[in-house]
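Heads up, the thing below is written out as structure tokens.
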Amino acid sequence: MTPDEKKKAAALAALEYVESGWVVGVGTGSTANHFIDALARIKGKLDGAVASSNATAERLKKIGVPVLELNATGDLPLYVDGADEATRHLHLIKGGGGALTREKIVAAASRKFICIADDSKLVDTLGRFPLPLEVIPMARSYVARQLVKLGGAPALREKFTTDNGNVILDVHNLKILNPVELEEKLDHIAGVVTNGLFARRPADVLLLGSDQGVKRVT
Ligand code: 5RP
């Protein structure tokens, strides 16, 4: 199977978690897009969806799923999204698509977070994938200096602005042995809006597409 076929298989498996009359949170990226395509088959069942990015909102509207504001829905029963890296402890790196802030908000407001990915995303230690941080533009250089002090090598994501009007620093060379601690530490740097570690609120279930079928890690 190609990585894309594995992503699609994981996305289809996530459909089983969707119940009638629900409003579901929907993530961003190529795996989340497969989930949106899958939702088209059962869209009559859904009361709507909360999107984690403008791109996802557009895609949901195209298939006829009502897109609702999180402020209007209250907590959600389910959030489905991809990841750039995942561990067996269900800690994640996210933000490869730059949507990490809204993704973290929707994950925080959801009772169950299903992460869908191909099995190449499973790692023993997070950090091979550069950790994305959404940063207020005027704080870019200050934040970068603090990241260097922590042993990271930050790089500005070129020609990219988030849906919230901010920039992304991708931090290389981090070997993340304690993701919960690092997530907290990075959030305390002035000017950081969000970091791409999802450890304080990890996934609840990881569905990994593989040659042997979809593996479920809980
Ligand atoms: C977007 C994300 C995505 O979930 C992550 O980048 C994985 O993307 P893909 O499903 O395309 O591999 O965090 O901000």
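Glycine is no exception: its Cβ is also placed from the backbone N, Cα and C atoms.
A quick note: this is a predicted structure, and the numbers were derived from the prediction, not measured.
Some features that TrEMBL has for this protein:
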BINDING   Thr28, Gly29, Ser30, Thr31, Asp81, Gly82, Ala83, Asp84, Lys94, Gly95, Gly96, Gly97, Lys121  substrate binding site
ACT_SITE  Glu103  active site, proton acceptor
DSSP three-state assignment for Asp81 (substrate binding site): strand
Distance-selected binding-site residues near ligand 1 (C-beta under 6 Å), from Thr28, Lys94, Gly96, Lys121: Thr28, Lys94, Gly96
Extra residues within 8 Å (Cβ to Cβ centroid of Thr28, Gly29, Ser30, Thr31, Asp81, Gly82, Ala83, Asp84, Lys94, Gly95, Gly96, Gly97, Lys121), substrate: Gly27, Ala32, Ala117
Integer Cα-Cα distance in angstrom, Thr28 (substrate binding site) to Glu103 (active site, proton acceptor): 8
Around the Cβ of Asp81 (substrate binding site), the count of other Cβ atoms that are within 10 Å: 30
Site of maximum Cβ density within 10 Å, from binding-site residues Thr28, Ser30: Thr28
